[in-house]
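Encoded as structure tokens, the structure appears first; notes follow it.
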Amino acid sequence: MYLSLLKSLNRLSPRAWDFIQLTRIDKPIGIYLLLWPTLWAVWIAGKGSPSLKTVFIFVVGVFLMRAAGCVINDFADRKVDGHVKRTEQRPLISGKVSSREALALFAVLVGLSFVLVLFTNATTIWLSFGGLALAACYPFMKRYTYYPQVVLGAAFSWGMPMAFTAETGDLPAAAWLLYIANLLWTVGYDTYYAMVDRDDDLKIGVKSTAVLFGDADRVIILTLQGLALGCLMLAGARFELGACFYIGLLAAAGCFAWEFWSTRQRERDACFKAFLHNHWAGLAIFLGIVADYAVR
């Protein structure tokens, strides 16, 4: 239904689908992976009852900034995407969208996101500049370092401290445990994603943790996921979360175990499915948090 609604826009404007593909709103997995951890922080900051204003700002902000991130990523990769099987038909490569149009769209999306942040407070506004810097520089990191996934993790986690300052005006030390947990988790699942393109990346000299880790990739991913769960357990203790939260963590651990097993042959499709599967881990943790506060 969601995809059909988006495709119906193409009948209104012949170029609409090109921009939908550029922003990847036709592929909501990235929205989910950014949304769930942001909502972890929103719910914990609000002690189970966050303000509707905060929820609205961060849900819409996730949608806008994920779209902006996809646009700037494709702009940064416009000279290499044509050499990668998975990305060779993207709008900037096919010429359906120009570089100037992509940059203009990026500016509009960032501007709309900043308007949302203006409805919070000074601390959150200042923090938003850090998030923008991370989102803008991430796509270029794969040219210079084998750790672009770490920069992505930092960017994807930046909404968490912002959620605390927006909801409470304060940033407790334990909030950084959530930040570190999500950073570790993001590096793990995005390494699965990078494993899909590893053969192409090796040919064209693109760097990633998948290239760096080599045959140790799956073990390192599982270790990162385990460390993320450990940080979440520590955060749960600091925020006095109860049994439902830990059941959510157990469900997430089950997701991670399935991903490890299913990628044992390192087939492209299996690695991509493992990446997609992380959405369920994030959702399980969020539902655990919501349930924990609901039963009090």
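Cβ from N, Cα, C; glycine included.
Annotated features in Swiss-Prot:
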TRANSMEM  28-48  transmembrane segment
TRANSMEM  52-72  transmembrane segment
TRANSMEM  102-122  transmembrane segment
TRANSMEM  146-166  transmembrane segment
TRANSMEM  169-189  transmembrane segment
TRANSMEM  219-239  transmembrane segment
TRANSMEM  241-261  transmembrane segment
TRANSMEM  275-295  transmembrane segment
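Sequence-remote contacts of a segment are chain residues at least 6 beyond its ends whose Cβ falls under 8 Å from one of its Cβ atoms, and for the transmembrane segment (102-122) they are 19, 22-23, 53-54, 57, 60-61, 64-65, 67-68, 71-72, 74-75, 92, 128, 132, 162, 165-166, 169.
In summary, the transmembrane segment (275-295) does not lie against the transmembrane segment (146-166): fewer than three C-beta pairs, each 6 or more positions apart in sequence, are under 8 Å.
Under 8 Å from some Cβ of the transmembrane segment (219-239) lie the Cβ atoms of residues 44, 172, 174, 177-178, 180-182, 184-185, 187-189, 191-192, 209, 213, 245-246, 249, 252-253, 256, 259-260, 285, all in the same chain and six or more residues away from its ends.
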